[in-house]
Each structure stands twice: as structure tokens, then as C-alpha cells.
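J.: The transmembrane segment annotation in Swiss-Prot covers 11-31, 40-60, 77-97, 110-130, 140-160, 176-196, and the record cites sequence analysis as its basis.
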Amino acid sequence: MEHYLSLFVKSIFIENLALSFFLGMCTFLAVSKKVKTAMGLGIAVVVVQAIAVPANNLVFTYVLKENALVQGMDLTFLGFITYIGVIAALVQILEMFLDRYVPSLYSALGIFLPLITVNCAIFGGVSFMVQREYNFPESVVYGVGSGISWALAIVLMAAIREKMKYSDVPPGLRGLGITFITAGLMALGFMSFSGISL
């Protein structure tokens, strides 16, 4: 149990997908203008990541891994396209759910919801799971933790950007300039966790 707890904490703080690996920056910068929208996208990423990482673990273990289907057959070269297919299917299901039951969030997320399909944070979480050879329970914990890590980062960024609206930012830095500086400072803050060994 302690191993899973340390993996969970490590995936949120020490190996934060947005602020340690800089994955998913496109949507991270574009949707982090309002906390409400950022929280909605963060929850969507947590849901997709929590399902995509374990689902792709099963696909890798029982289909793609060497000797999984047939003795002597190695289908790991199909990994990337298979993982993207699984992620795309999950995002389509989430998109239909939000359109039907939470239309306000669906319209607020706009084009960025389908972009979760190709969000490199989602794909990065799946790739790290395969690379680190996590078993199924570890992949569930890592999927939830890495999704929360990205959601935490985007909500923090949105909260800071909402406060910066009322700040006296120099004209040359307004908009994305100060946002990049803020993201860098946040990354430095999260880098302080890297010295912690769990």
C-alpha cells in the first residue's frame, strides 16, 4: 500500500506532467484564463487519464507485448497508434457525455475538448506507464495521479492569471509573455519536490 501511495504522490508533485515534463502546454496556456474552465478541463483530463493509462496497460500487456497473443510475435511497434486510438475513443465518449449532460462546460471547453485526444500529457502518461513497466494496479494509481497533476497545474495557473488581470503588468509582457514567466516560476516551485525520495 505504501508503494502505491508514494507512486501517487510522486506522480502529482515530483513528476508533474505540466510543470516537470512540460507536456500539454498548448491547452495548458490556452484554457488557463478562467478557473472554472480550467477546472472543467482538468477534471476531463483526470477522467481520460485515469481510464486511458490502465486501458492501455491492458492493451499492451495482453495484445502488444512480446508473446502476448502468439508465441514469438512482438506487436510493440504498433504501440503509438494503438494508444492514440484508445485515447481518441475515450475522448469521444467523454465529449458525448459532456454535450448531453453538461452543455455549459462542453461549450466553454470548445475546441480544446477534442484536442485532449492529441494532448501530449495524456499520451505522455501512457508512454511513461509502458516505459516504466507498471502493472495494472500501478497504472491505475499513476493514471489518476498524473491526471490530477496536470489538473492541479492548470487550475493554479488559471487562479494566478485571474489575479494578474488586476496587476500592473508591463505592456510588453501582457498576455502570453507573463504567462510563460509564471509557468517557469511555477515549474521552479515544483522542481523543489524533485529532491524528495519516496
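Glycine is no exception: its Cβ is also placed from the backbone N, Cα and C atoms.
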J.: Quick one: find which recorded stretch in 11-31, 77-97, 110-130 has the most Cβ pairs under 8 Å with the transmembrane segment (140-160).
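T.: When the Cβ pairs under 8 Å are tallied, 11-31 comes out ahead.
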J.: Could you check whether the transmembrane segment (110-130) packs against the transmembrane segment (77-97) - three or more CB pairs closer than 8 Å, residues at least 6 apart in sequence?
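T.: As far as Cβ distances go (cut-off 8 Å, pairs 6 or more apart), the transmembrane segment (110-130) and the transmembrane segment (77-97) touch.
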